[in-house]
Ligand SMILES: Nc1nc2c(ncn2[C@@H]2O[C@H](COP(=O)(O)OP(=O)(O)OP(=O)(O)O)[C@@H](O)[C@H]2O)c(=O)[nH]1
Ligand SMILES: [Zn+2]
C-alpha cells in the first residue's frame, strides 16, 4: 500500500505512450473507455436531461470518440515530426513563413474551443524542414488542453530545439469560446500571442519583416 506521504507516482505506460505531457507531476491513472462514457452520462444527467432516452443513448460513445480527436496530440511527438530535414537548399538563407495555419484547440480552464490561426516562421541555418511539418507541430500541441500562451511557446521552442535555426517566430490569433459564448461574452475579441527567438527577438528589422509577411497591422 502507498504511504500517504509517498511522492506522487506517474503512470509510466501513459507517459511513454505520449498521452501525458512530460511536465505532468501528479498521479495519472488512465480510466477505461467505459469509465469515460459513464462520466459523460453523469454530466448529461447533471445538465438536466435523461441519458437513457433514445437520442442520447449513443452520445457518451460519440463524445469519447470526439475527445480522441480533440486530444489526439497527447499521443504524438512533435520533435519526431521535425527531425526529417533537407540540406540541399542551394544556400537559401531567408525567412521561411507559413501563415494562416488554421488552429483548433481547447482551453484547459473550460474545455471549450479555441479557434484561430497560427503563423510560423524560422530563419534556416543550412537545413530546412518540410513545410507541412510546421503545420503538424501546431496541430500536435493544439490537440491538447491548452492556454494560448503555452501553446505559442511550445510550438516555437520545439522548432527551435530540433532545427537549431537562427530564429523562430510564432504568432497565434484566436477566439476563445469561453470568452464569446459564455462568461464575459465578448463576441469579437481575439487574443494575440507571440514567441520570438534568436534573430526575431534580437533584430527589430527581422521582427518587422516577419510581421509584414503575416500582414500584421
Ligand atoms: N491566460 C489565458 N487565460 C485564458 C485562456 N483561455 C481562457 N482563459 C481565461 O482563464 C480564466 C479562468 O478564470 P477563472 O476566474 O478561474 O474562471 P471563470 O470564473 O470561468 O472566469 P470567467 O471566464 O471570467 O467567467 C478566464 O479569465 C479565461 O478568460 C488562455 O489561453 N490564456
Ligand atoms: Zn476557457
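Cβ coordinates come from backbone N, Cα and C, glycine included.
Unlike curated records, TrEMBL annotations are generated automatically.
Range annotated as region 'Disordered' by TrEMBL, chosen from 1-28, 29-56: 1-28. Residues 107, 110, 178 make up the record's Zn(2+) site, and a Cβ search at 8 Å around their centroid adds 106, 108, 109, 111, 112, 114, 176, 177, 179, 182, 183 from the same chain. Within 10 Å of the C-beta atom of residue 107 (Zn(2+) binding site) sit 19 other C-beta atoms, taking all shown protein chains into account.
Counting Cβ atoms from all protein chains shown, residue 110 (Zn(2+) binding site) has 15 others lying within 10 Å of its own Cβ.
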